[in-house]
Amino acid sequence: MASQLSTKQVFWIVLAVVVAVLPQLYRLPLWFAPMMTVVIAYRFYVQVKHIKKAYNIILMMVAIAALLLIVYSQGFGLSREISVTILITMTVLKLLETYRQRDALLVVMLCYFVAMTRFLYSQDLVLVMYLLLSAWVTTHALAVINYQHGSAWFEKKQLKASIGWLAMALPFAVLFFLAFPRLGSPIWGSPDIFGEGKTGISDEMSPGSIIELFMDDSPAFRVTFGSNNKPENNQLYWRGPVLSEFDGRTWTRHEFRRSRGQVAYDRQAAIIEYGIEMEPNGRHYMFGLDVVLNAPQGSLMSPTSTLFSMNKVNQLKHYRLSSAVTDRLYQRLPQYQRKWLLDFPEGLNLQTQIMIKQWQATDDSAYGMINKALNWFRTEDYLYSYSPPALHSNEVIDEFLYESRRGFCEHFASTFVVMMRMAGLPARVVTGYQGGVDMGDYVLVKQSDAHAWAEVYIDQPDHELGGYWQRVDPTSVVSPERLFRGSGNIIEQRRSFFDFPWLRQTREHLDRYRFRWNQWVRDFNVSKQQALFDAIGIQHRDGKVLAVILLSVLAASGALIFSWLWWRQRPRYNNLQQWYLRFMDLFKKEPAIYARQSAGMEAVTHSIVEQYPGLKKSVNDFQQCYLRIRYRNEQLTPADRRRLQHFFERLKKDVKKRYHSQSRS
Amino acid sequence: MSISKRCSTAPTLFKRLKNYFINRRGREALPVRLHWRRLYVLPSKPGLFFFLIGSTMMLAGLNFNNNMSLMLVFLLFGLAQVILYKTFFNLKNVVIDQVHAAPVFAGERYTLRLQLLAPTDRYQIQVKMDESVDTANILHQSGQWQLAADAEQRGYQPLPRLKLLTRYPLGLVTVWAYCQPKATVLVYPRPEQPCPSFAHHGGVEGPDSSVVQGDEMDDLRTYQSGDPIRDIAWKKSAQGQGTFVKKYHLKQGKELCFDYSQLNLKDIEKRLSRLTAWVVEAERQTLTYQLKLPQFDSGMGRGERHYHECLTALAVFGPGGVS
């Protein structure tokens, strides 16, 4: 069977598929893009050359081969990745057997589904715009499959019509979106499986691992402070995972099986409350301003003061926190923990160990050590740089301190903590974010604000908790501006080819809309719906009320669309046509005459005169007046109108008279 | 085979009730305006698939509380609503203005020309008559359709039921309406084939016509059923080699007479069929002819008008022709 579709139809079907699949291409296996190109090229070749459809058995083999490839590259199982990949692959392969209108409709409708699956990964504002475009292209493809208004590939009239339908559908969509009941928790599958995962800070740190985050300007979270209590930028340390185990190269996190015990902080420290809207990171960490006082609901506070969510953060997450803005947290340090926190590879980095020994000889106090180390970083020429030379040897500390001397936060933090441990002070690396862009009513923290700093435990025997954790940020002495201006703004060197200041600023500016978008649309849930219903005065939300609301939405939007369409398609007559209609109206009760309306003025007058010779004069007068104006082919002038009116009135009177005489006789 | 015929052979109760309901308006005089009350609306097969996909998407969106998916789904449902009205308005207020079918002979197919009117442009309106389908648009307030059907019986035959259907613009919804126009198609009797030779039914003999009445073989022809008995050449036939009738030499200007009562055939339809064949043949040869039926006499004549008069009389003759 050769194709029953026109080349234009095939073009639109392919376009709909391509537009729907494109935003997912990045996460599909490598072979997908070439396969899609081949399929599309083949489909067009077949169309142009009028080649028959391939045998079903061959198509079946192709489908099975594609399935095997999916299993090979993504594994076997019922996960989001695999099911979405299968859906997309089969949609693209379906093009091979799209020869009839029926199949074409099927493929194009599947495009809606494919477009939707992209939302499972991200609901970003820009993406939403793109997917609206996709819905438009798909709808237009449907229209073209059904009927082609013209031969042009982009028929303006039809394109406008399809966008018009979507625009008319919008009020319904918005109202239904607001009123439709939501589920509090998923019926099937956990949100861990299906969610918008994205990489953020990980629970490991080896030289160079944070560098990827520096390249990423996407938002990590947004913070809304109360009125005017936003701390200075250099105090914005957003605490994430704490890494305390070091194998000479990589830092890892210690798993605690309990929550934080008793802590204390300086009485002078300011306590601030704020809300965080966290972008999904596909992990359990949550971030908070150092030091967080209490864990919000649904999360745990580990002994290292890091917040952990019960579920993976796979969707936009909102929580409120209160923090003490201080760099000192009193906490008991058990003996077994102290042992880990002093651990470092004994046989390595001997040069550094010797230097520490020398420092210890002059001043053995904790603060003496810290200051010596910070002074060392400040006075020796260390450089803050995004592109430090890679560290290859086993002795990364020695290599960094004495050879490369260039690095960023993770190098400084890591080296500093090892130095402190060598000096016999318990210390650990804290990862998280530092700073943020003030957007007016909220603070935007981007992935590129990722940071690492150090914490040293200082013994204070006279305190009831025996000591405190002191935050030390060695990066701040190397590059003090880092804390005020953010990492992206202090280095001249471009991070990537597309790294321009104006682009960065535009993105930051766009984030304002994203924030609103998140607040109003993306994060609309059961509780916000409840608040909305309360606001418009609907207190009880049982099934009956809800059904009434939904039905009335349906009826209201239906009435809206109906009246709009009815108004749009009403017949539009010019002035003269309206006179003709008024004329015909006089004979509404005469089926024999009225039925001839479409035959034209002459025919109608003829049949009137035939039936009622008495009306001959007035009818003919009107007809002549009408026809003269009609064939003059000009606009009606006021004089014309007067004349028509005059003859019309006379005719009307005669017709009425005739009815009277009929009823009398 | 027409729908009505199929139904009459196997009339299930449901089909009878359905047809009764559809045909409840009876035959309607044209023009007929398709008022919204006579439009039927149901989702089409692609429409059901659209709904299925939408429901699946909605389940996924609800389960994972994915607001944008839900928004897209509701947008699609809104779209379906818009399309429903769009399709409805595409057929509403369409006027079936006139139908016309040129007369044909029974056993041939006739072409029905249909004109629809609408105040605004309408697209992709399908008109179905039995198995014949035609799709066209109403542009500039009118549109023409052409349908074909078999003419089976002679006479003024009523038109089958028309079905007007549209799925424009997206094919998600089908809107349709039925109409039985009070119009007929004239079907002439089926002419006998091959055309038998003309018989002598009297008629006015021209001055130079000569009737050869002899027993020579040349002047005789074999008997064909329906020949008048008085023309039989008895002597020749008695020889036992078949039945022969006297042959008449026809010359230009001969005026023929075809008389129903002189035909020696039992079946009325066969008589009409023979007469039709003669009329057609005589008209083709541009001869002058006269057709005599009980209660009809065409008089001598020829030409288009005479021809149709004769054929119409044949079509509506007697009990077979419905008028």
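Backbone N, Cα and C define each Cβ position, glycine as well.
Where the annotation comes from TrEMBL, it is an automatic prediction and has not been curated.
Copied over from TrEMBL, here are the features:
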type: DOMAIN; residues: A:401-476; note: domain 'Transglutaminase-like'
type: TRANSMEM; residues: A:12-42; note: transmembrane segment
type: TRANSMEM; residues: A:54-72; note: transmembrane segment
type: TRANSMEM; residues: A:78-96; note: transmembrane segment
type: TRANSMEM; residues: A:103-121; note: transmembrane segment
type: TRANSMEM; residues: A:127-147; note: transmembrane segment
type: TRANSMEM; residues: A:159-180; note: transmembrane segment
type: TRANSMEM; residues: A:545-567; note: transmembrane segment
Report, as numbers and ranges, every residue of the chain located at least six residues beyond the transmembrane segment (A:545-567) whose Cβ falls under 8 Å of a Cβ in that stretch; write 'none' if there are none.
-> 168, 171-172, 175-176, 179-181, 538
Taking contact to mean three or more C-beta pairs under 8 angstroms, with sequence separation of 6 or more, is the transmembrane segment (A:103-121) in contact with the transmembrane segment (A:159-180)?
-> no
For the transmembrane segment (A:12-42), out of A:54-72, A:78-96, A:159-180, most C-beta pairs under 8 A are with A:78-96
In the domain 'Transglutaminase-like' (A:401-476), averaged pLDDT is 88
